[in-house]
Amino acid sequence: MEFIEELKGYFNYLKKNMYIILGLYVVIELGLFIKIGTSNILMFLSSIFVTLFVICSLILMFKDFITASKIYAISMPIIPMVFYIMHRLNMDQIGQVLYIVYFAIYLIPMIRGYKRGEFDFSRLTIKYKKISVIYVILLILAVMSSVRSIHVLEAFKLVLLSMVTVMTYSIGMLCYKKNNKEFYKDILFYLCVGVTLSSIPDITVTIYNLIFRHNNQHLYGVLGSNFMLGYTLIVIPFILLYALNKDLSGKYNKIYKLLLLIQVINFCGQKSRGFLFALAICFFVCIIIDRKNWKKYILISIVLFSCMTFNVMHRWDMEDLTAGINLTAPGGIASGNAKLWNRLINETKNRRPIWALALGMINDHTYLGVGPGHFKYYYLQYGGNPKKLYIDAHNIVLDLVTEFGIVFSFTFILAWIGGLLKSVLDIFKNKKKDFKEFKWPAIIGTLCLFIYGNITGQSFISSANPLSVVPAFVFTVVMILMIYPEGKSTN
């Protein structure tokens, strides 16, 4: 009931601005219809819902800082849908402005709240001094890397979108005086909703292809499965634990169950070997920390992993691989399995040529990298295949080192490991407390991201149009949740 009342409050606020919403909506949709015409009906139909969401979310952010924080959290994973539409219409620059618009409007209630004494920024120099120092160091290094890049303005744009906006949002979370557990849980909920909604385009395309084209084909780019699965992995432990434990999710329990159902549908259509491995680790650890629900995890696992294993074994490359091995006798079976295993290992080496290019760039641009988003400009220069262009190193660590340099990457990874170890120590020091709300799922999610990101290939930003900084945003928010001093006594 509390959530319904919350939605009613949002609806009443939007009703006060009904004429503004309708006016903007009609103008934008007419403009899109004139631009698209009847050439792409599916794209126009998609814009009907996306445009309404963008207008309503931007207006809601003016309400107050708490509302702005929630709406910003749900909007960041969805914005790439707008970018995708704009990209298809050759209007990339208009789409990119949307990030700045959201950020600028987010700052308005933040400034308003600061004037009313709702923020305590002295925490940055006292309570969160280490975070402040890390942010300053990373920003300075990113600026230095950008200055030395060949496309300076593009590099600075990426730093603004992927670092300045994300850091500012996290500072708002940390310095807001009323940032209690419920505040963080609300942000987490809206983030999980946004991440799940961002998977719907890929789910829709996959189901359509399975039914009408009889193939398991997914979207590419920022809405595609590879990119989307990376940041989904970060929040899936939260969705699992909160859906199966009403004491954690409270008023949002039914919605979390719906989110879990959508993600199960999403995962059942995936065929990534790296994701299958990372998700298996996620489920294994979740079962250990939430033993009372082990039967539910096993049931979900049976559905998920049977479908995903089938998809993986029926990839075109896997079918070619297994078809080339003939098993005729017990001895042949043993040798055949050995051949299969060796071939599987060899098939996973398809990332190595890209990594070799990245290592070449690192060797020549060791300390400050080639510049944010600049891997794609050096790809051909270092021997990349012009018929198959890549915009990043397809490895989360190599991508950081290549574009930002070894000093930035070392600082970033050290900070992440430091936060991780501190959270683990907090858990073991306080054995009488329950850390399933933030710390455990955050630890699992970020670890699984790095496992997946280094096997399959993941980056924190997508620098080619349409742009996306969703992984960087989701990762930062979850890291802030991880350091929250949670815990309730079990006695």
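Glycine residues also receive a Cβ, built from the backbone N, Cα and C atoms like all the rest.
TrEMBL labels come from automatic prediction, so no person has curated them.
What you see is a predicted model, and the numbers here were worked out from it, not measured in a lab.
According to TrEMBL, the domain 'O-antigen ligase-related' annotation covers 259-407.
Residues or ranges marked as transmembrane segment by TrEMBL: 18-36 (among others).
Residues annotated as transmembrane segment in TrEMBL: 42-62 (among others). When Cβ-Cβ distances below 8 Å are used as the criterion, the transmembrane segment (42-62) is approached by residues 10, 13-14, 17, 20-21, 24-25, 28-29, 32-33, 36, 68, 71-72, 74-75, 78, 81-82, 85, 88-89, 98, 101-102, 105-106, 108-109, 201 of the same chain, each at least six residues removed from its ends.
Taken from TrEMBL, the feature transmembrane segment covers 69-87 (among others).
Here TrEMBL flags 93-111 (among others) as transmembrane segment. Long-range contacts of the transmembrane segment (93-111) within the same chain, counting only residues at least 6 positions beyond its ends with a Cβ under 8 Å from a Cβ of the stretch, are 54, 58, 61-65, 67-69, 72, 75-76, 79, 82-83, 85-87, 119, 157, 160-161, 165, 168-169, 172, 465-467, 469.
Taken from TrEMBL, the feature transmembrane segment covers 156-176 (among others).
The transmembrane segment annotation in TrEMBL covers 188-211 (among others).
Residues or ranges marked as transmembrane segment in TrEMBL: 223-244 (among others).
A Cβ distance under 8 Å defines the sequence-distant neighbours of the transmembrane segment (274-291), meaning residues of its chain 6+ beyond its ends; these are 229, 233, 236-237, 240-241, 244-245, 267, 297-298, 300-301, 304-305, 308-309, 312, 436, 440, 444-445, 447-449, 451-452, 455-457. Positions annotated as transmembrane segment by TrEMBL: 274-291 (among others).
Annotation comment: TrEMBL describes 297-313 (among others) as transmembrane segment.
Same-chain neighbours of the transmembrane segment (396-418): 134, 137-138, 141-142, 145, 355, 358-359, 361-362, 365-375, 446, 449-450, 453-454, 457-460, 479, counting only residues six or more beyond its ends whose CB sits under 8 Å from a CB of the stretch. Residues annotated as transmembrane segment in TrEMBL: 396-418 (among others).
Here TrEMBL flags 438-455 (among others) as transmembrane segment.
Look at TrEMBL and you will find 467-485 (among others) tagged as transmembrane segment. Sequence-distant contacts of the transmembrane segment (467-485) (same chain, six or more residues past either end, CB-CB distance under 8 Å): 73, 76-77, 79-80, 83, 95-96, 99, 158, 161-163, 165-167, 169-170, 173-174, 181, 184, 187-188, 191, 195, 198, 222, 227, 230-231, 234-235, 416, 419-420, 422-423, 426, 438-439, 442-443, 445-446, 449, 458-461.
The average pLDDT computed over the domain 'O-antigen ligase-related' (259-407) stands at 78. Against the transmembrane segment (156-176), the recorded stretches 69-87, 188-211, 223-244, 438-455 differ in Cβ pairs under 8 Å, and the greatest number is found for 69-87.
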